[in-house]
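First the structure, in the form of structure tokens, and then the observations on it.
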Number of protein chains: 2
Amino acid sequence: MLRLGPLAATAARCLPAGPRPGPPCLAGSRGPLSRQVRAAADGERLPVLKTPKGTRDHPPAQAALRERLLSAVVSCFKRHGAAAIDTPVLELRETLVGKYGEGTKLIYELQDQGGELLALRYDLTVPFARYLAMNKITNMKRYHVAKVYRRDNPAMTRGRYREFYQCDFDIAGQFDPMIPDAECLKIVHEILSDLQLGDFVIKVNHRQILNGVFAICGVPESKFIPACSTVDKLDKVPWEEVRSEMVGEKGLSPEAADRIGEYVQLHGGLELIERLLQDPKLSQNKLAKEGLGDMKLLFEYLTLFGITGKISFDLSLARGLDYYTGVIFEAVLLQQENQHVEEPVSVGSVAGGGRYDGLVGMFDPKGRKVPCVGVSIGVERIFSILEQRLEASGEKLRTTETQVLVATPQKHLLAARLKLISELWGAGIKAEMLYKKDPKLLKQLQYCEETGIPLAAIVGEQELADGVVKLRVIATREEVDIPREKLIDEIRRRLEP
Amino acid sequence: MLRLGPLAATAARCLPAGPRPGPPCLAGSRGPLSRQVRAAADGERLPVLKTPKGTRDHPPAQAALRERLLSAVVSCFKRHGAAAIDTPVLELRETLVGKYGEGTKLIYELQDQGGELLALRYDLTVPFARYLAMNKITNMKRYHVAKVYRRDNPAMTRGRYREFYQCDFDIAGQFDPMIPDAECLKIVHEILSDLQLGDFVIKVNHRQILNGVFAICGVPESKFIPACSTVDKLDKVPWEEVRSEMVGEKGLSPEAADRIGEYVQLHGGLELIERLLQDPKLSQNKLAKEGLGDMKLLFEYLTLFGITGKISFDLSLARGLDYYTGVIFEAVLLQQENQHVEEPVSVGSVAGGGRYDGLVGMFDPKGRKVPCVGVSIGVERIFSILEQRLEASGEKLRTTETQVLVATPQKHLLAARLKLISELWGAGIKAEMLYKKDPKLLKQLQYCEETGIPLAAIVGEQELADGVVKLRVIATREEVDIPREKLIDEIRRRLEP
């Protein structure tokens with residue numbers, strides 16, 4: 001959390017300190033607080049000053065950057081016609097159990113305080129499925145931006161937290177194959193391009209192809225999931241390690257592992273799909289054949305979208321979660337701007353998703369399925385990249401939108417400031433004043449420079465006598481007297497982009 | 001939750017159902033899910049389909065209304081120069097303990113899963129104080145819009161939930177008296193006026209005045225807080241009941257209770273303040289005198305803001321929370337539009353706040369104080385009013401912002417739709433298409449009418465041959481052929497407000 005220090009300090013400078021002698025309202029501030037309160041106030045039991053492990057505060061500078069990032073993501077979701085929904089942070093425990101495989105042990109559970117047994121949501125996908133089944137909704141295109149919770153080992157510098165935002169876009173409904181799936185990949189492409197995060201690749205695979213591979217390599221169906229999670233490690237560790245884990249921990253035969261190795265190390269484009277469709281063994285497997293058919297159609301649509309250049313059909317992609325049933329994908333950044341390496345290195349996944357046709361059915365009393373496909377944008381990782389970039393650039397983000405500071409050059413003019421500022425507020429102009437009876441003009445102008453306020457509206461005795469307001473442009477120090485009745489229009493004119 | 005039914009149904013209509021026969025990607029959707037997953041899919045153990053008690057989902061229509069409400073509140077906060085911060089939903093338990101008096105028993109605690117003992121935040125004020133102390137911030141003007149959690153008895157029709165949004169604006173720092181306090185009241189006035197919720201009054205009081213009253217009526221300081229919480233009930237029950245609770249439960253003498261009654265039933269404006277400043281007993285009490293001095297200054301500033309018409313100095317206002325130390329206030333709506341009663345009736349508090357100069361000091365190792373004053377807008381209550389009003393009006397809120405539907409009149413034109421829609425997305429135009437290979441034109445136009453999409457861009461064989469796109473205005477059914485290269489500009493022109 002140390003990195004937040006300087007930003008917090010910026011926030012601290014947001015308002016200039018007032019006069020030292022406390023205002024009268026402070027005198028009695030030790031008033032009759034409750035017993036514990038007074039105990040604590042007397043320092044008998046001071047709470048540890050920290051946020052829970054794996055969580056953090058967002059000071060204004062970070063909150064402003066995050067707002068930019070989230071609004072960029074949301075505007076893409078809206079461009080694709082998604083509606084927003086919101087679901088509770090709390091879910092019944094039983095709603096979450098058995099949906100996340102190994103992830104289940106990372107779910108935050110609430111204490112039994114009487115009543116229902118609750119947990120904090122682990123992602124936004126299972127609550128979405130619960131929502132669809134609960135309301136008998138058979139088709140919907142929605143986005144959801146909200147925090148989720150995982151008792152994970154945080155790696156906060158790399159943007160991994162226990163409380164973090166997810167930005168999900170999902171399409172539920174029975175439609176013609178691969179059209180919604182293609183749109184999800186288009187969305188990832190649009191967002192990563194818009195954010196200018198540098199070069200990226202979107203790996204695509206299909207659970208049925210993987211299962212087909214396992215099947216023809218002699219893996220019993222009961223071991224498909226474990227084999228999957230082992231294959232998934234190929235982006236981090238070399239094949240030899242993956243192989244030994246398959247044979248060792250997962251108990252596959254060496255021959256099976258070797259045969260799997262021949263397939264899962266393949267990656268390419270349409271030509272690879274065609275090749276595998278001709279593969280004597282794979283083409284005989286129903287699951288694989290269907291999966292490859294989907295992939296071929298998907299690539300056709302992605303070609304029409306003009307984004308195949310960044311798509312890689314990668315048989316090593318498996319994705320951790322249990323509920324995927326079809327197309328799966330994951331976007332990785334190839335290198336960060338500030339790095340200058342010959343070999344583009346992966347800085348990890350910034351988006352992922354896939355098709356989960358069985359999940360809603362798990363919540364439906366009659367097991368009625370609602371096919372779904374969706375994407376989740378890894379905004380925390382992206383945020384930490386943007387944050388590093390901002391720090392490197394030295395650019396200072398404005399944390400407020402104030403347009404005008406109402407200032408006075410002499411003493412005893414608080415009333416004039418209060419009258420003027422409420423006129424500005426009434427006209428919808430974003431205005432501030434210092435909370436002092438008689439602030440120095442210099443301090444007021446410094447505050448504008450520190451916080452980036454472009455204009456100062458100055459009322460002194462002379463201006464009041466003349467019925468004008470002195471409008472000062474902070475950047476140029478230009479000053480001009482504006483008749484009071486024309487002030488609002490003049491400010492609006494000068495604020496026009 | 002029943003009231004959500006129709007809205008959920010609306011959401012369900014968001015996308016027209018596709019063809020019944022499942023797409024191939026469904027065939028293998030029973031794939032190798034994990035054991036529990038398959039168990040659940042087979043209906044062995046189906047989770048109860050509900051959200052936790054006191055919580056609710058927000059279907060698109062509600063989410064859209066809520067977005068409107070929150071952005072109105074936030075834009076007011078920004079107009080007053082506040083910066084945004086975010087803090088975790090989780091706090092260390094010890095951070096929350098002993099800050100809420102009787103409220104403490106309503107805190108959600110997390111199960112001890114090893115590591116820190118955690119709880120869900122109860123409000124946004126204590127986390128703000130923790131944040132200030134932790135980062136040694138001595139002055140700051142911030143807003144925070146987020147969910148808080150209370151194990152309360154929900155009254156959901158009246159907008160009371162266990163998970164609910166709070167919208168807080170706070171000013172921290174040592175400034176000249178009553179200037180920040182006055183701005184908080186101005187903000188409440190602006191928000192309630194902007195939202196046009198009907199007539200309202202903002203009750204104002206001062207903890208030191210109440211304490212002064214208790215003192216001169218012979219109440220021992222140890223009983224100030226209990227007496228406070230009893231007085232606070234005067235807006236719901238008649239004085240006689242409050243009196244008997246004071247004498248009975250709270251153990252005050254009948255004489256003390258009667259003397260208190262003479263004061264706490266008073267309400268008025270500046271003239272009442274003046275009268276109490278002349279009150280032989282009260283004017284002799286230091287606390288009361290300071291409090292009345294604050295109130296006089298506050299009314300002076302509120303007069304300059306021109307809002308005293310809606311302000312009532314009400315000695316019965318006490319506010320529940322322990323941490324208030326100075327000015328306290330609460331806004332109540334006097335009557336709802338749809339009600340036609342002679343006597344305006346209070347429909348309950350929609351905003352409240354006050355000064356808490358001791359809270360930050362409770363977190364500071366050296367007990368250093370940072371005086372604070374803030375306001376919290378009761379958006380849930382306001383939301384349920386707006387929701388009822390919307391239902392009454394029969395107006396249907398758009399849940400998406402889609403501007404153009406890309407449609408085709410004949411079969412085998414999916415490729416043409418995919419090419420055109422990606423051009424529109426590329427130009428930043430919000431566009432949708434149906435996820436079917438060959439949808440009927442009628443269905444496509446119906447979808448526009450159902451979801452409020454204003455334009456349809458139609459490409460048929462003829463249009464493709466002529467290098468044009470048929471642009472249809474859904475409302476007027478006017479159709480005009482636009483040269484492909486002019487389409488984007490034409491759409492933008494027609495979408496201009």
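Numbers run from 1 along the shown chain.
Glycine is treated like the rest: Cβ placed from N, Cα and C.
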Listed co-binder of L-histidine (same site as A:Asp123, A:Leu124, A:Thr125, A:Gln166, A:Asp170, A:Arg319, A:Tyr323, A:Tyr324, source TrEMBL) among A:Arg93, A:Arg150, A:Arg151: A:Arg150
Count of other CB atoms lying within 10 Å of the CB belonging to A:Arg319 (L-histidine binding site): 22
Candidate with the highest Cβ count within 10 Å, taken from the binding-site residues A:Thr125, A:Gln166: A:Thr125
Secondary-structure category, per DSSP, in which A:Thr125 (L-histidine binding site) falls: helix
All-chain count of other Cβ atoms within 10 Å of A:Tyr324 (L-histidine binding site): 25
Long-range Cβ environment of A:Asp123 (L-histidine binding site), under 8 Å and at least 6 residues apart: A:Tyr100, A:Val148, A:Gln166, A:Asp168, A:Ser376
Maximal Cα-Cα distance (Å) across residues annotated as binding L-histidine, namely A:Asp123, A:Leu124, A:Thr125, A:Arg150, A:Gln166, A:Asp170, A:Arg319, A:Tyr323, A:Tyr324: 21
